[in-house]
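Just lifted these from TrEMBL, have a look:
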DOMAIN    58-186  domain 'TFIID subunit TAF5 NTD2'
REGION    240-302  region 'Disordered'
COMPBIAS  240-267  compositional bias 'Basic and acidic residues'
REPEAT    344-377  repeat 'WD'
COMPBIAS  385-399  compositional bias 'Polar residues'
REGION    385-404  region 'Disordered'
REPEAT    414-446  repeat 'WD'
REPEAT    456-497  repeat 'WD'
REPEAT    498-539  repeat 'WD'
REPEAT    540-581  repeat 'WD'
REPEAT    582-623  repeat 'WD'
Amino acid sequence: MENMQAVNSFVAAYLKKKGFKEAEQLLEDLQNKESAPIDFHNDPDLAKFIHHFSQSEDDVAQYQDGYSKLRSWTYSSLDLYKHELLRVLYPVFIHSFMDLVAKGHLQEARTFFNAFHEDHELMHSRDLQKLEGVLSQSHLEEMEFGRSLRQNKVNIKICQYSYDLLLQYLHKTQSTAMLGVINEHINFQVTSVEPGSISDDTEVVTLIGSCQDAASLINQKEIHWGLLEDSLEERLEKEGGLLSDSEKTEAENKEGDVDDSKKRSVEGGKQGASTKKLKKDKAVNATAKSARPEAKPTPAAPRVKPELTLPVMSTEVEQSILEDLRNRVQLSSVALPSVSFYTFLNTHNGLNCSSISQDGSLVAGGFSDSSLKVWDMAKLGQQAGSSTLQGENDSTSSEHVAGPNGVKRSYTLFQGHSGPVYSATFSPLGDFILSSSADTTIRLWSTKLNANLVCYKGHNYPVWDVQFSPVGHYFASSSHDRTARIWSMDRIQPLRIMAGHLSDVDCVQWHANCNYIATGSSDRTVRLWDVQSGECVRIFIGHRSMILSLAMSPDGRYMASGDEDGTIMMWDLSSGRCVTPLMGHTSCVWSLAFSCEGTLLASGSADCTVKLWDVTTSTKAPKNEDKSGNPNRLRSLKTLATKSSPVYSLRFSRRNLLFAAGVLSKNV
């Protein structure tokens, strides 16, 4: 009887708390009418559960006790299933912590966090650092990371037997707190695959903004990933305008008036050996392209019509580009590129980003003091007295950029932003440069006039990245406001706004045909957007940390993305699936670039290395081919280490010379 009275009083209090006035009044009338507690369907189990729930609703000890027991049970499980069951602990831990904070039990939440956070330090240290700063309910509500976790489920891939074991444990222990957390915040993707074969899968634990089915539905949309009709490359292919290997090698040496010493900056004297290997390879194969897996002399990329109105190209520019394409050196796994590395000196930790023009003649740096600075590489080697660039007032600046021959140059200063500059990008011809800043604006500068031409306002928060389209004129930006935007140089308002990411959009990249843009976000997903409609046509799920860099293959079929943990993933745009993860970097991957024929991928990282990857092998080797360990993972051809310079940016020129830039750092 006492138990039933407690149940009735709890139900009445619950209805009042939730504002169900009519139900509360009805319950009160029934109680008065019968003069006795209501027996809920004469079901003792239901009454027992409600009574237990009423006692435990605000009982904070259930989280500590429930998680501790779940943790002990998981760690004592059979080794075959333990690694799968351990995946459940992290989302249960963070949501239990946030539940305690949300209910106002701040001291208990702190005790809970301190007791168990060390279990997850290795894999989730960055997330834990964010959560450690949550000291009140308002902090939880205001924090972007916390909101995205609360609003969206974590997707966990698990085998059937591990799933059954977990359900049996939860049923046996009747831990309502743990069951509630798992039911509300975890979406299990149960597979029939043996646990050993999915332990290394890239998609085992992911944060999903919508359910996996919704992402799969989006990924079924049709996309046209081919190249533009009547492009210069296609015209050149039809003409058969390819030079001999010796002519290409000679042309490469003349590229952009870059001297030999600069080209030997990283490769040194090994380039001669590479050239010999290239010639030997070409003796068997007419061109490097013929060795590609399609077994065709030219890529089988379909042709598509442009969705944007393309700018008209002058005859002079067209001829210049065609000359570059004719003189292009064909790269492969046995013919690696020459590399030119530019190092920023004495930046006093103020450099946020760098960019290199198409021919390597100009290098830009964006700084925390709101300035954008551009160095002219063509004037390297001139005497200091004649080195002052037009518009430069201070020729004795402490900040210089050094080319491979060690000569220091003054810079051209562009001032206009009122906050740190986070990104810069040169137009395809190098006559314009765009910069984005914490002041929420994007500025267009002329490298010919050394002046600011336009200030584009549209974002409401800092703009993390800006990128010119491959044809110029159009550009894309990404921001802390969780949107990406498409702009044209002649309009001050954006043409399209792409909204859908759950957190900051950290980087943006154009597709080769300019009909799509890709965006990488702190929500750990990459999205592909149709420029014409503004719709999301692909969601790529698999990264375990924020995405910092993107690159599109020249044939438009593949995309590479690099994240904060050093993982690079190669995606097939048609299917939306990860073709292969490329493991090797030990820190943030800040820059990615495909070679012009698409056979190589270069990656630049905070670990002070540039790595060259064999795209042909990585994208074509079957996943099940290697049963011995890490299947289809290590496709690195070469690692080029700097002395102490994290790599900020990479760029392949039209003639396939690789340019890289970084800052000399004493903290590395």
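Yeah, the Cβs are placed from backbone N, Cα and C, and that goes for glycine too.
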Report the listed stretch (344-377, 456-497, 498-539, 540-581, 582-623) having the maximum count of Cβ pairs within less than 8 Å of the repeat 'WD' (414-446).
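The listed stretch sharing the most Cβ pairs with the repeat 'WD' (414-446) is 344-377.
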In the repeat 'WD' (456-497), how many residues does DSSP assign to helix, to strand and to coil?
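Residue counts in helix, strand and coil order: 0 helix, 22 strand, 20 coil.
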Short question: which residues 6 or more past the ends of the repeat 'WD' (456-497) have a Cβ under 8 Å from it?
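Residues packing against the repeat 'WD' (456-497) from afar: 308, 310-311, 419, 422-429, 432, 434-444, 503-510, 512, 514, 517, 519, 521, 529, 531, 534.
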Quick check on the domain 'TFIID subunit TAF5 NTD2' (58-186): DSSP residue counts for helix, strand, coil, in that order please.
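Taking the domain 'TFIID subunit TAF5 NTD2' (58-186) as a whole: 104 helix, 7 strand, 18 coil.
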Should anything in the same chain at least six residues away from the repeat 'WD' (498-539) have a Cβ under 8 Å from its Cβ atoms, list it; otherwise answer none.
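Same-chain residues near the repeat 'WD' (498-539) but 6 or more away: 144-145, 148, 151-152, 206-207, 209, 215, 218-219, 221, 223-228, 304, 306-308, 310, 464-471, 474, 476-480, 482-486, 545-556, 559, 561, 563, 571, 573, 576.
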